[in-house]
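Structure in structure tokens, see below.
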Amino acid sequence: HALLGSKIFCNRDIVETQQHYRSRWRSIRILYLTMFLSSVGFSIVIMSIWPYLQKIDATADASFLGWIIAAYSVGQMVASPLFGMWSNYRPRGEPLAVSITISVAANCLYAYVHLPTSHNKYYMLVARALVGFGAGNVAVVRSYIAGATSLAERTSAMANTSACQAIGFILGPENDDVVQATQGNIDHIAVVETNILFFVILFIFAVFETIATPLTMDMYSWTRKEAVFYNGIILGAIGIESVIVFMAVKILSKKTGERALLYGGLLIVLVGFFILLPWVNKLPSIQWEDLKNNSIPRTTFSERFLPFWILQTQQQPPNSTVEPTGCPAVQSWCLDTPVIHLAQYITSDILIGLGYPVCNVMSYTLYSKILGPKPQGVYMGWLTASGSGARIFGPVFVTQIYTHLGPRWSFSLICGIVVLSLLLLEVVYKRLIAFSIRYGRLPE
């Protein structure tokens, strides 16, 4: 009833009954489960997309992988504001039921994209877009949890929500509590700034998860199966790390505050990507199978900026039974860019796995507190859409830069983006405060 009912805003003079308290938290825990199951479905698929794409359609290259991964976020970006607005005017169970139905149907389509005799990569593109559309219910979940918790409960509840998502990665009520009258306007500058920071945070992680499989196949000569298996183990370990981090930030936020934790999380992510830059002189093993007469492709610096469709796709010989491994020589940077040692890669994974969850949960928490007591469905929809936009541009950006210029340029640009984000956070730091604090109802 609490999940499907209308919204009732209460003030401090109203004492919550035990029955209402249990009903409120039962609904919240159901949404924890929803986030967990959604995350399980996402994590099962993400690391195997590249090998699956190569298997079902030989014409697909690494550049198209970026569009496949971005399609998920295009769907989510379109759906999030729609579901958020829907939940503001109708019972929240309706958009949740519709989104889950779409997700089930889309995943069934994804499972059978290998059956058509041609254009399989485009069927996969459509399937991933529909899966993303179904995932637009995140806005409904976040807005409900924001509205069903007090300021004191908010950070903990948001951390638990993110922890449920992280656990999913590992395993492949009618109340606003202490909110008073909705007098005062939302600080829209703070809202926009938080959306920008959230965009950057999701952009960074989208780059990280997109490039993991191609990068390890190029740098360490892993086969498709090895890349999926080893990166799956790494992703699971990061998931465990994230759960621990989510639990820790619930305690740390009370001592240091959400803004300081967000700043610290971005610094850790910056160090993680800086470590990932190629530093040594050793070159990666080159995949020579497709070269004729042992010729070495040479390209000028300006040629590396040609559109991706001009870059020829490397194909296996028709009679080949052995999967080629190594860095494809068609990617000219393979011939002059040093290898990224496995120790660098794992260290970077650990740091990004530490910094990203801190940034994620703190940005959600700050955003919900900035919005205050007013219905948050549409605003949460825009935040989710902002994150989806990042997950659209992130994969496309990194696959294009990585294919043409290599990891050195890719990760250097990411470091630059994080530095700019830290400067932005420094500028807007004092504006990122709770609605009730801004209007003097609670001490900072």
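Using N, Cα and C of the backbone, Cβ positions are placed for all residues, glycine too.
Because the structure is a prediction, the values reported are computed rather than measured.
Reproduced below are the annotations present in TrEMBL:
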TRANSMEM  30-52  transmembrane segment
TRANSMEM  64-84  transmembrane segment
TRANSMEM  96-113  transmembrane segment
TRANSMEM  125-145  transmembrane segment
TRANSMEM  196-215  transmembrane segment
TRANSMEM  227-249  transmembrane segment
TRANSMEM  261-280  transmembrane segment
TRANSMEM  345-367  transmembrane segment
TRANSMEM  379-403  transmembrane segment
TRANSMEM  409-429  transmembrane segment
At a threshold of under 8 Å on Cβ distances, which of 64-84, 227-249, 261-280, 409-429 pairs most often with the transmembrane segment (196-215)?
409-429
Rank 64-84, 125-145, 227-249, 261-280, 379-403 by Cβ pairs under 8 Å to the transmembrane segment (345-367) and hand me the top one.
261-280
Going through 64-84, 125-145, 261-280, 409-429 one by one, which has the most CB pairs that fall under 8 Å from the transmembrane segment (379-403)?
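By the under-8 Å Cβ criterion, the transmembrane segment (379-403) pairs most with 64-84.
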Same-chain Cβ contacts of the transmembrane segment (125-145) under 8 Å, 6 or more residues past its ends?
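Long-range Cβ neighbours of the transmembrane segment (125-145): 3, 27-28, 31, 34-35, 38, 41-42, 49, 67-69, 71-84, 86-87, 92, 95-96, 99-107, 109-110, 113, 157-158, 161, 364, 368, 375-377, 379-381, 383-385, 388.
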I need to check the long-range neighbours of the transmembrane segment (409-429): which residues 6 or more away from its ends have a CB within less than 8 Å of a CB in the stretch?
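Same-chain residues near the transmembrane segment (409-429) but 6 or more away: 189-190, 193, 196-197, 200-201, 203-204, 207, 211, 259, 262-263, 266-267, 269-270, 273-274, 276-277, 398, 401-402.
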